[in-house]
Amino acid sequence: GETLGWVGTSMGVGFLLAPLLGGVVYEKAGYYAVYYMAFALIAIDIILRLALVEKKIAVQWTEPERSCDDPIIQPRDSSGSVTLDTGDEEKRMAADLSARRPDLSATNGHATRRASRLPPVLTLLTSRRLLTALWGCVVQGSLMTAFDSVVPLFVQDTFGWNSTGAGLIFLAVTIPSFISPFLGYLSDTYGPRWLTVFGFLFAIPFWILLRLVTHDTLSQKVLFCALLALIGVGLAFVLPPLMAEITYAVEAKERERPGRFGKTGAYASAYGLFIAAFATGTLIGPVWSGYVRDDAGWGTMSWTLGLFSFAGAVPCALWTGGNLYGRKSEEVIEDSGGDKEMRVAASTINDPEVAIPENTRSLEKTRPEESAPARAQDDSADEIKQTRK
């Protein structure tokens, strides 16, 4: 979450800083200079991508190579006998434990085989958590870019500002995005659900209050900048938790049936869906705000965007981080060996996003029934003792 917070900061700064730079460069250097700047940024991006060293390539240079002729020295105890390394001992114990446990995939092998033939993208789209995160990204991208088509024209008509002033006003929305790494840390600590919901709901009144900015006075300009900054704070609360939630959703699907996505996993597919969802939002936002402002006015545009923010908050409250109404408990269940116990954190026992083994559910249901014969046997033993006396 914290790492993705830095990613969210860069995305927010990029989307909201573009109008600022475009307005200033257009005012000072003319029309074509804006495109020269864009081509220069693309060239820098290409150079940085070529200079990037992927992890699988870096491992070849960072891991020391050991020759086959090098002797393997095992630690010895005081008596001179060879002792096993702690790591090897832990691996051996883990292997023994996994060998004793039943193959949970055998209980629903047909479904596992069927799911493994599906492309990762289709499998991911069956997750309500991921769909909710993608919907939140659509809403957040729409709200973030809704300013692009209306704010420059609004400040020109209302305040008489030129392209430089129209670009500088975006600083009010951009600056709050620098708290995204801290919000990512909070997402790791407390979960993404309520941070996302808070961000959407926090921005709603300020979207609606934009309708109060109607004429050219100093107080109106200050009010406009303050409202934009507060909306920026709300938007900053949304993106880092949603990006982290995409990772959590992929991990939940992997835990449901380990190995279903193969050796490489499905993170690239999941974030490909994220990019598609966010791009959809960047298409909806400017079109929505532009059409509504032209047809119904600035005030109607502001409250409809506030309503759209509420539409993003409701699904995130219900399904971000798992089903909101999932039963939270913790059960202690004996495994098949009978001499081990494992704790199943059943915070989502009723949530299909987190798979709980079927033998776990059956043991949970049968445990109260097994205690009745045991109590009857104890009562019979007590009666026999009393009869003998």
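We number each residue from 1, going along the chain as drawn.
Cβ atoms are placed via backbone N, Cα and C, with glycine included.
Automated prediction, rather than curation, is the source of TrEMBL annotations.
Note that the structure is predicted; figures quoted are calculated from it, not measured.
Per TrEMBL, the feature compositional bias 'Basic and acidic residues' maps to 361-389. Taken from TrEMBL, the feature region 'Disordered' covers 348-389. Under the heading transmembrane segment, TrEMBL lists 7-26, 32-52, 133-155, 167-186, 193-210, 222-244, 265-288, 300-319.
Recorded stretches compared: 7-26, 133-155, 167-186, 265-288; the one with the most Cβ pairs under 8 Å to the transmembrane segment (300-319) is 133-155. Spatially, the transmembrane segment (7-26) is not adjacent to the transmembrane segment (193-210); fewer than three Cβ-Cβ distances between them are under 8 Å for residues at least 6 apart in sequence.
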